[in-house]
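Engineer: Before I ask anything, here is the structure I am working with.
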Amino acid sequence: MNDLRHLLQLARPWRLRMALGIGLSVVVILSNVTLLALSGWFITSMALAGMGALTLEFFAPAAAIRGLAVLRTIARYLERLVTHDATLRLLSVLRVWFYQHLEPLAPARLQAFRDGDVLARLRADIDSLDNFYLRIFAPAVAGLISSVVILCVLFWFSPGVAAIDAAMLVLAGVIVPLVVVARTRTSGNAVAGSRASIQVASTDLIRGLGELQVAGAVSRQARHLSQLSQKLIAAQRQQAWVGALGSVLSALAGQIGMFCAFILLVSAGHAGGLAGNDIVMLLFAVLASAEAVAALPTAFAALGVTREAARRIFSLAELTPAVELPAASPMPETFDLTFSAVTMRYGPEHPTVFDSLSFHVPQGHCLAILGPSGAGKTTILNLIQGFWRCDKGSVAIGGCEVTDLSDEVLRQAISVVGQKTYLFNASIRDNLRLVAPDADDDALWQALSQASLAEEVRAFPHGLDTLVGELGARLSGGQARRISIARAFLSHAPIILLDEPTEGLDATNTEMVLNALKELVKGKTTLLVTHQIQPLMLADSRLVLEGA
């Protein structure tokens with residue numbers, strides 16, 4: 001339940017709106033109980049008045065019945081409006097909160113998670129939390145408040161009837177929901193877990209569709225996805241059955257309570273303790289009071305899914321980043337790079353990547369880092385970007401420890417051109433403006449020209465508005481790489497990190513990329529990681545790593 005309490009803490013900015021929604025729910029329940037009880041009393045009184053057993057002034061109760069009917073309708077509409085608005089506001093803020101906590105974890109702490117699993121937490125698990133306030137918390141609190149009010153009124157008329165109704169409400173609103181929660185705990189966990197597994201399998205199927213087709217494994221992966229779907233359906237079916245059974249038991253408890261109250265009231269009527277119209281009023285009040293807790297068994301059937309979704313969200317969001325950077329820091333005055341006796345390994349169970357590594361890159365200098373796979377070339381780039389913290393030694397930019405610089409300063413100071421360029425399924429303009437949101441078209445064309453891509457983009461029918469497709473599927477590898485270079489030009493970052501910038505390119509694209517990189521690295525502090533000979537023309541000096 002700690003995760004659900006954490007969720008309530010996040011909802012504090014909307015506590016008044018949420019309280020208003022609960023208050024309106026109470027008004028709906030009480031107006032409905034009062035309407036039914038008053039209607040029973042009025043109809044019975046009219047019948048008795050017709051037989052001459054009593055006299056009745058019917059204008060006031062008739063007006064009250066009409067007023068209660070209107071009040072119930074208006075309150076129900078406002079309750080739905082307020083509670084859904086509060087829920088949607090909470091979910092929208094929760095997504096932003098989750099992403100803000102997720103970003104510092106990348107890439108170090110997210111390596112243990114599948115992309116599809118993280119996406120499932122961001123989408124499906126947060127969507128599941130709409131149950132908490134809307135279907136669990138608000139109905140439970142409103143039911144409790146309404147039940148107390150109803151029991152107080154019934155006690156004033158008949159303590160015995162109040163005791164029967166209290167027993168019925170405890171059975172239908174407490175015991176049955178608790179049994180439902182216990183019986184749906186496992187299925188709720190299974191629903192949340194199956195959703196995540198389906199998201200992971202779907203992501204793998206879509207991303208690896210080409211390889212799966214070549215290997216003839218599409219049908220096997222589809223069967224795996226179908227099996228996961230069947231597991232989800234089975235868990236949801238069990239959850240629905242338990243929730244439905246809980247609703248039946250709750251309704252049965254209400255009928256039993258009404259029957260017991262009927263026997264007690266008839267006995268009181270024979271003894272002359274209650275008038276006939278009061279007996280009908282109290283009987284209808286007991287019947288209607290079941291509405292206060294009627295929705296709880298079904299709602300609490302979703303508590304298992306909601307609790308597991310909250311656990312998955314907060315367990316990831318509350319991880320400690322591998323490097324905790326300060327919220328703000330000044331920009332270094334110079335941009336030379338210094339590694340001083342750096343020792344690094346990725347964990348106690350992993351081997352040492354390098355031991356007491358030291359080197360210095362003067363400002364405006366390009367250093368090529370060479371070495372076999374596993375020697376630590378990419379690790380050097382990760383340390384400079386603040387993604388990891390070294391075990392010993394220091395990594396500095398302009399004399400400032402990287403770990404003393406804020407994330408904003410590091411992203412402004414460093415631009416990366418790698419062998420894998422992530423492009424969003426948007427226009428070329430939108431992909432370029434990721435690093436310069438305020439850049440106008442002239443600045444974008446200039447950056448494309450510097451990246452040797454302007455002529456090709458002008459040849460596209462839609463120019464800068466050309467959609468690049470999922471992961472840049474509509475562009476060639478060389479074009480995607482040059483968009484990355486154009487981003488680096490737009491960023492005006494004083495430090496450039498080149499990670500295998502020509503890997504996988506043909507001779508023509510390699511030449512164009514290298515020509516663009518020549519312009520990019522002029523006057524910039526640059527680290528070049530490469531296995532190829534051609535990019536070494538950019539380097540002023542070389543550092544050879546012999547291996548782990």
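Backbone N, Cα and C define each Cβ position, glycine as well.
Below, the features straight out of TrEMBL:
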- 19-303: domain 'ABC transmembrane type-1' (DOMAIN)
- 20-43: transmembrane segment (TRANSMEM)
- 49-71: transmembrane segment (TRANSMEM)
- 132-157: transmembrane segment (TRANSMEM)
- 163-182: transmembrane segment (TRANSMEM)
- 240-267: transmembrane segment (TRANSMEM)
- 279-305: transmembrane segment (TRANSMEM)
- 337-548: domain 'ABC transporter' (DOMAIN)
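Can you tell me where each of these features sits in the structure?
Structural biologist: With a threshold of 8 Å between CB atoms, the same-chain residues lying at least 6 positions outside the transmembrane segment (132-157) that come near it are 4, 7-8, 11, 18, 21-22, 25-26, 29-30, 33, 83-84, 86-87, 90, 165-166, 169, 173, 274, 278, 282, 285-286, 289, 292-293, 295-296, 298-300, 302-303, 306, 310.
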Engineer: Among the recorded stretches 20-43, 163-182, 279-305, which has the greatest number of Cβ pairs closer than 8 Å to the transmembrane segment (240-267)?
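Structural biologist: Selected stretch: 279-305, with the most Cβ pairs under 8 Å.
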Engineer: Could you please provide the mean pLDDT value for the domain 'ABC transporter' (337-548)?
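Structural biologist: Over the domain 'ABC transporter' (337-548), the predicted model scores a mean pLDDT of 88.
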